[in-house]
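Here's the structure, in structure tokens; my notes come after.
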Amino acid sequence: MANNQLGVLNALDAAKTQWYHFTAIVIAGMGFFTDAYDLFGISLITKLLGRIYYTNENHPKPGTLPPNVAAAVNGTAFVGTLAGQLFFGWLGDKLGRKRVYGLTLMLMVVCSIASGLSFGKSPAGVMTTLCFFRFWLGFGIGGDYPLSATIMSEYANKKTRGAFIAAVFAMQGFGILTGGIVALIVSASFDHAYKAPPYSVNRKDSTAPEADYIWRIILMFGAVPALLTYYWRMKMPETARYTALVARNAKQAASDMSKVLQVELEAEEEKVETASSSNSFGLFTKEFARRHGLHLLGTSVCWFLLDIAYYSNNLFQKDIFTAIGWLPKAATMNAIHEVYRVAASQSLIALCGTIPGYWFTVALIDYIGRFTIQLMGFFFMTVFMFALAIPYHHWLSNNAGFLIMYSLTFFFANFGPNATTFVVPAEIFPARLRSTCHGISAAAGKLGAIVGALGFLYAAQSTNPEETDQGYPPGIGVKNTLPVLGSINCLGIFFTLLVPESKGKSLEELTGENEEADGNDKQQASSTQTLPV
């Protein structure tokens, strides 16, 4: 197979780490920075939305979003993301990665701004408008998953490909942290400028009218990083693997990569035709099922299981912190100060657990492999979830210990399956189906996020009817929810066994795309084994 490898692809696989690699990481990574800011930023403002639009001054507790509204506000972006992953994943294979890459970014910019401008004559009108724009925001975000992963994998060399793709995804950590920092700055500024008493002291005045600007500013800021990278996305050439293996234009692939790598590359039309004719099976064929069916099942189910636990933890940190007493009771704070306290808590978790986990993966993924990191991550997430749940009442009086243990669940999610489920689908599928298969895997993950977001919303409610949020039925409580999430993580360990190890191999080695028409099937099968190597 090595003799039939296109020269331009050999050049990419063997290229030393260069400036264009880092440029590609930043350009693709800023999309994920924006994705995380927008998806997780909603958790910073849901309590504020409840206070502004749903407070009943005759009730001893501040207002919260009703169950159906909370589900819609938290879930519509995920529904949009799921749809965007499937649509743009398919479109990226049909039209090319670059042609639709800028569209996803502009959709994020427009909808971030529009989300902050959501208005209506009634609370229901405001929430409906917000949900509408967050759906389309999610649709744009969804496209960024398969396109960014595929572009980075096709640009990278085989020695450090895992680190480069993981580095793109690691920008999520900075997006989450920046969301917290922006919320801290905005809320602190408003809290200083507009003094308000706690809800327990003065129910009417505890929510300053100016608080309505806070959530709008936080949401609209998400447009800034995306807007800054639009020009550079448009300047990126199409990937050589798409141009050569899918569009079958060896001359253009060689020309584009000659400029990127700054070397002379020869167009090899005859090899393109050979490679294309020997790998023409589609997604819904027996040949795909034989070669990649179990791989797609593994990547999809692992991502689904991970996101149930990961998004439950991320979106509802504020509820967990309140349940263990780390955040004061809502009635003891005014509306703006509550935003500040929630943002401070989430920023601390991001700084201590989320960001370090991402960058441990970047540093080690090409040394210890994707399979090992994913297996280890699921295992330790399971361990720490049960370690939080079993002695739960002990943690109620030991907030510092809970914070450490809880941070470790995020650390091993990101130094684990949250990163690898993003990396592997961009490596193990053929070029003409790579973006589609990554989109399917990612959409399965977002389905898990929807299950986690909606399920945790109800399940984590107190078992005592008097302690539930307004409008919610009693749930099983945080104590009983944590072992459920731990069990889900444990299932991820078993489905990881379906995912192949891709460390140190070229993309064409993994997929057999450069085998000759009468190539050796055994050789191809051995390069895509299910078990780790």
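Using N, Cα and C of the backbone, Cβ positions are placed for all residues, glycine too.
The range from 125-142, 233-250 that TrEMBL describes as transmembrane segment is residues 125-142. Among residues of the same chain six or more beyond the transmembrane segment (65-88), those with a C-beta under 8 A of the stretch's C-beta atoms are 38-39, 42-43, 46, 49-50, 53-54, 100, 104, 124, 127, 130-132, 134-147, 311, 315, 435, 439-440, 442-443, 446-447, 449-450, 453-454, 457-458, 470-472.
Long-range Cβ contacts of the transmembrane segment (436-460) within its own chain (Cβ-Cβ under 8 Å, at least 6 residues beyond either end) map to 67, 70-71, 74-75, 78-79, 81-82, 85-90, 92-93, 142, 145-146, 149-150, 283, 292, 296, 299-301, 303-312, 315-316, 319-320, 323, 421-422, 425-426, 429, 472-473, 475-478, 480-481, 484.
This prediction places the mean pLDDT of the domain 'Major facilitator superfamily (MFS) profile' (24-504) at 88. Counting Cβ pairs under 8 Å that are 6 or more residues apart, the transmembrane segment (348-368) and the transmembrane segment (400-424) reach 3 or more and are in contact. Counting residues 6+ beyond its ends, the transmembrane segment (213-232) has Cβ neighbours under 8 Å at 23, 26-27, 30-31, 33-34, 37-38, 41, 44-45, 48-49, 52, 102, 105-106, 108-110, 112-113, 115-118, 175, 179, 182-183, 186-187, 190, 336, 339 in the same chain.
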